[in-house]
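Notes to accompany the following structure.
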Amino acid sequence: MKGRMFCASQASTAICSSMDHVHKSTTTDEDERNSGRAIDRHNPIIKDGRRSFADDFIKLPTSAEDGEMSNKKLEIYKGRRSITGRRSTGGGGGGGAAALLKLITNDIGLARKSFSCVARPACDLIKTPVGSTRYLLGSDPDSITGSVDQDPAKTVEAEAPAGEDKTLTEKKTTCGDTDQQVVVLKVSLHCRGCEGKVRKHLARMQGVTSFNIDFAAKKVTVTGDITPLEILDSISKVKNAQFWTNPTIPKPNVETQNP
């Protein structure tokens, strides 16, 4: 019933107006029920001070630099909103997270480039010493090949093996020049075990080139660059031994002067 109704009598007009008022009150109640729950402004969650709505408002830029910063903030804001939206809905995918990560990596790359541009001249002025490990990593080809500057310690180490080889050759020549002596000993060999002990001992002796053991005759013949007394003393530590024949000891040459 729209507008006001005017009836012929005042009583009928009052009845119609009262019915119209009742109809309006019922329709407003039904509209409130159909519109959903009313927001409770007295809810403590809504009144919580930690709930900030600063992200919902974006300030307009005042200059070009502020405009770039606001664009970055807008992208970050969009990424955050997309992440929170996906978390709330439970959907998969990381489009917002990927965009945010890409933005962060771009900022890090720009920071590194700016730092390298600033620090490169100072690094170029610093010269690394020759003995350091960074010297080999330089761009100078002479430093890599080592043709200009050589480490004296390395040259000494390279020359050392050559000197050792010379000493070894000298020892071999001296050993070859000396006369090999043959010594015959009589050793108390009671069993094959005693023979094995003497054989092992002679094999370990220095200067012995060859030896022969006659178990039946208890005779041991040793050949090498070693004196008879040294062989006798060495074998006597294992078994009782003595010379088979008295060794001929060379007598010193004594010049007789005529009176």
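Each Cβ is built from the backbone N, Cα and C atoms, and glycine gets one as well.
What Swiss-Prot records for 141-165 is region 'Disordered'.
As annotated by Swiss-Prot, compositional bias 'Basic and acidic residues' applies to 151-165.
Helix, strand and coil counts under DSSP for the domain 'HMA' (180-246) come to 22 helix, 23 strand, 22 coil. The domain 'HMA' feature in Swiss-Prot is assigned to 180-246; the stated evidence is sequence analysis.
Residues near C191 (metal cation binding site) in space but far in sequence (CB under 8 A, at least 6 apart, same chain): none are found. What Swiss-Prot lists as metal cation binding site is C191, C194.
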